[in-house]
Each structure stands twice: as C-alpha cells, then as structure tokens.
C-alpha cells in the first residue's frame, strides 16, 4: 500500500533547523524557500515556527520540515526541544556583520552538543546582495566550512540567489545519509511532529531512536 493510500503526500519527512544570530535573515530564507516570499519589514522571530516544502529525489517525495527560532539569549531555554530529532541544520550568518560569522563557532558547538554527530550541516553566508558592505571574506568562510565538514553557500533571501541551492544541497545530503543507512530507523511513527525524518505510517528515521514526543510551535509570529 502506498503512502497516498494513507492520505500522506510524501515518502519521507526531514526535520531541518535554522540556527544563527538574530537578524541574519533566517526567517526570510525560510519564507523564500518555502513560499518564494520576502518581507522587507522583517522583525525578529518570537518563539518557534516551521514551514514545509516537498521535493522529489530518486522518485521519492521528500518533505522538508524547516524550523526557525529567534537567536536571542532569552530563547536558549528551547534549545534541546528545538534540536531534538533534527537530521539537518543550516547555520546562518550575515556577510555584512562579522560578529554573526564569529558566532558560528558557538552555534556549531551548540548543535554538536544537542544533535547526533551524523546530522547534516550547512553554513550559509546570507545577504550577498550587500556585497558592498561585506565584512566576512568568502574564502575565510569556505575554509571554516571545509575544516568542519560543512556545506557552504552564500545566499540572498532578498533576490533569491542560491537559496534553493543551499536547502536542496542539504536535503540531498540527508537523503544520501538515509540511503546509506548512516541514519537509523527509530521506533516512532510519523505523525507530523518534530521527530526528525519519518516515513508515512512507518518508523521515524532519525539519527538515534527517540520517544514519540509531540512538539508544538509557540508564538507563531514570524516574518
């Protein structure tokens, strides 16, 4: 029986988290990739929200469930729940703000502490449209990504440059890990929650088996 017989419109569901300092453009990257929208009056995200987009890889429908949260210190309490079950992560910085790039070390460390070692990770230098204000050299970021085995792309949520590429490369990397069994089948059933990568009416695909816990997004006020 196919997934369509159960009312699902996908074969696999991947949980991906966006991390990085507040104001680097995480919310607009999310809305650009999932809805092809950009909000010029973007404000810092309050709480957590997610959006989805479905892609096809090797004839399989992959639904990416992408989570976004604010980067301010006062929201660090949600860290463990936010990362739990994630099979992919994108660390985002603003190419015109060196401090946001310097803090990528912190975000990577926090990810490593809260997620499995096999989680697929990409580094995004956002706001490439502000090249005239560049404070972070591309080569420096490339070197950091190579040293830490991260995917790397510079993007512009404003004009869409490389946004699809960044997300699609990460999703493809996750799919390859699943195909090579670097990510194991857990015991949880897919129910639309945030428990990682899952198959309709079947076991959750996650880096390590996790209990079936329902996660809810709080304060869905993102721009």
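Think of each number as a place in line: the chain as shown, counted from 1.
Any Cβ shown, glycine's included, is placed from N, Cα and C.
As recorded in Swiss-Prot:
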MOD_RES   2  N-acetylserine
BINDING   20-27, 68-72, 126-129  GTP binding site
MOTIF     42-50  motif 'Effector region'
REGION    185-223  region 'Disordered'
COMPBIAS  188-203  compositional bias 'Low complexity'
COMPBIAS  204-223  compositional bias 'Polar residues'
LIPID     222  S-geranylgeranyl cysteine
LIPID     223  S-geranylgeranyl cysteine
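Feature annotations (Swiss-Prot) mapped to structure.
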residue: 20; record: GTP binding site; Cβ neighbours (10 Å): 25
residue: 23; record: GTP binding site; Cβ neighbours (10 Å): 17
residue: 26; record: GTP binding site; Cβ neighbours (10 Å): 30
residue: 69; record: GTP binding site; Cβ neighbours (10 Å): 26
residue: 128; record: GTP binding site; Cβ neighbours (10 Å): 20
Original post:
What average pLDDT is reported by the model for the motif 'Effector region' (42-50)?
Top reply: 70
